[in-house]
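Worksheet: the structure to be examined is printed underneath.
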Amino acid sequence: MIEEWGSAVPVLAVAAALWTRRPRPTVVAGAVSLGLTAVGAAGGGFGEGGPAGLFGVVELAGLLALVTVTVRTGRGGVAIAGLAVALLCWPFRYAAPVEGWEQVGLLGFGAVGALAAALIGGYLWSLDGLRHREVAAARRAEQLELAHDLHDFVAHDVSGMVALAQAGGFLAGPHPELAAVLERIEQSGQQALASLDRTVALLRTPDQDTGARRSPQPGIAELPALAERFTASGAATVRLDLPEQPLGREAGATVHRIVVEALTNVRRHAPQARTVLVTLRHSQGKSLELTVADDGGAAEHQPRRRGGHGLSALTARVEALDGTLHAGRTEQGWQVTVTLPSDRTEGQS
């Protein structure tokens, strides 16, 4: 009676180790090892019942527990190494006390189970791969549809605006100020068309073609030209305070997009602003801090109209780099502050 209860205790220990929501592999492995040892010590080993006795049943349950934890939390390399060791040690499992054809039969019985598990696992793996391919195909179709819309509608409308600005420039001969404004509109339209072309090319590039997807993106090197265009448009004067050392490609593109969004908000919500200060500096070597502040007056900034998602998208992009973004009113106007960890900003922009 004591031996039976002693054999039940390790089984309960393994079940308790698997009961948690996220079982730890080391805890489960330890419980299985102690359980099998306890069962063997209690007399359920290779006795008269042989491997098909209590030891064999508990051993099978323990191995299933290890397989479950390995599949959920283990790494592929570790699983392959463990499988190789198990295959090498498998014949020793039936080395005694059975002999002859009985041993061959036991090996064959175990092989049938392993083969069935491999076939079922391979089938499920193929279904999972098919699902991933279907999702990728659906996303690809959405990208192509969006690329067609941008090319056929948005780019067409922007091209019409550029053509009208060019025609107006010819008609504004005796009015140099008007001609200068129309020229700036034409340049902004050409810049928008170039950005649309890059976006369409990016959307039409297959996911496997990583080289094309990593085409050069605007970074901090393009900020002076951006500030010059913004100032020339008749809006506030943009002053830049930038570091000399380059940033990583992704961090530089993020900084550029944040500055573009901040300047757009100044134009839309603080047209009375006279100066916009863009500061980018390393803070005590631990992080990179970007601030975009205007002097448009705190009371003049109104909440963004419905449909504006620029800062929300940028916040998600910054958080993907383990950074933070904060936008709010100040005594002078409005300020956007971004902090990025230094280990995510190093490299060439």
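In case you wondered, yes, glycine gets a Cβ from its N, Cα and C as well.
All annotation found in TrEMBL is predicted automatically rather than curated by experts.
What TrEMBL lists as transmembrane segment is 27-46, 52-71, 78-94, 106-125. Feature annotation from TrEMBL assigns domain 'Histidine kinase/HSP90-like ATPase' to 254-343.
Broken down by DSSP into helix, strand and coil, the domain 'Histidine kinase/HSP90-like ATPase' (254-343) contains 32 helix, 31 strand, 27 coil. Mean per-residue pLDDT, taken over the domain 'Histidine kinase/HSP90-like ATPase' (254-343), amounts to 81.
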